[in-house]
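Asker: This is the structure, below, for whatever I ask next.
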Amino acid sequence: MDQDYERRLLRQINHQNVPEGHLSKSGYAACSPVTVKSGDRFIPTRAGSNWSINFHYANENCWTPNQNQRAKDASTDTGKDAVAYAALLRNELLGAGIETVPDPHTDDRRHTILTHDTHSLFRYTILTKRVPFDNEISPYSLSPLSNKSHKLLRSPRKPARKISKIPFKVLDAPELQDDFYLNLVDWSAGNLLSVGLGACVYLWSACTSQVTRLCDLSVDGDSVTSVCWNERGSLVAVGTHKGFVQIWDAAGGRKLTSLEGHSARVGALAWNGEQLSSGSRDRVILQRDVRTPPPVERRLQGHRQEVCGLKWSPDHQHLASGGNDNKLLVWNSSSLLPVQQYSDHLAAVKAIAWSPHQHGLLASGGGTADRCLRFWNTLTGQALQSTDTGSQVCNLAWSKHANELVSTHGYSQNQILVWKYPSLTQVAKLTGHSYRVLYLAVSPDGEAIVTGAGDETLRFWNVFSKTRCTKESKSVLNLFTRIR
């Protein structure tokens, strides 16, 4: 760190009447905190049956984006200075011997700073000058700080993580339904976004921004209730209001097959290799192999009301299903009955996500009467932890690179939250949708997400980072990582 930064900290020590939390970047006391609130004020317009693309950027204050960024940087630097100031005081007054500045955003910072260390308090000591070595201060230095404090000031500090509160793209999506039980948005491995709008399915290329209409069900008097890409991103499954499941070739734009079997709308779909699982309002889950001409069918019956959430585990061995009966069920690949049942939620369970970092870890979210995020160890059947989010949980998705997850919410705040696991601390809160954020998908690179709502907009956010990669630990107890 430079001499100006050292002088600022010395000025803070000499003026200890300045509260720690009210130091501005320049070192002087700030009169009042600066509140910066950015968001989107976009009111969508319908465009008939055509899906048009519009990009909108708006600030809810009169500041320019550069002014907003400078204010955010100043508040971030203030938090860093406060931590360094507290550590410096402990060094000089308590002899704590802190040589590095703790990260203000880590969970153990509070424990590190507030640990009482009184072994040097009110003790008389004689400081002797020694010949400086590589990292020691010079005996001719005029600085009153100790050697430890000089190391503290020279220590590198990790840059603070910044998540933009404004979406980097906004797409107009006319006729995007405001229905909690539907799943109308999915992002493929080929960087194509599929969206169900009324009776049509549209494909939007994230590379070229080109829009293609894949199918139109209005000729059959039907509508789209769910969409889901397979793992390779070549096939997209479309669930309909009449209970059909159609398989479409995205590249060729042609329908390969139409599967019957459900007597009501199909609101949830999930691929597992070449097998496709579908959940319906008829309370049945059908699992079919699309490679066989008459598909081999397995009927899973365990829910008492509509099935609104389906997700396969990363090891392809277990299927998690959520229903309007407030139940979360876990099925294996061979049994026709659920192997686990969780009944702690007090509302419909649509939001389901398996952790890619920890084998057997399952997250789920409840509806308006529940509002809780819950985590389960499906290897032991135990409930791990939960937190009340304050609003309806509509969707969940884990980061591919870090032990974090994002949740989207409905009544009553319509927000998007980024969580750190297992501490369950909020990393960011994003707002902008004026209706429930019912739809969520993650980009193939794992950095961006897209959210959809009844305000007929799709918003793209940069929330995750590739820099911190956390791979799943390889356990000898995990048989599925060894047997193929």
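Glycine is treated like the rest: Cβ placed from N, Cα and C.
Bear in mind that TrEMBL entries carry predicted annotations, made automatically and left uncurated.
As annotated by TrEMBL, domain 'CDC20/Fizzy WD40' applies to 171-461. For 217-258, 300-332, 430-463, the entry in TrEMBL reads repeat 'WD'.
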Asker: Which value does the mean pLDDT take for the repeat 'WD' (300-332) in this predicted structure?
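Answerer: Taking every residue of the repeat 'WD' (300-332) together, the mean pLDDT is 96.
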Asker: What are the helix, strand and coil residue counts for the repeat 'WD' (217-258) according to DSSP?
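Answerer: Summed over the repeat 'WD' (217-258), the classes give 4 helix, 22 strand, 16 coil.
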Asker: Under the DSSP assignment, what numbers of helix, strand and coil residues are found in the repeat 'WD' (300-332)?
Answerer: 0 helix, 19 strand, 14 coil
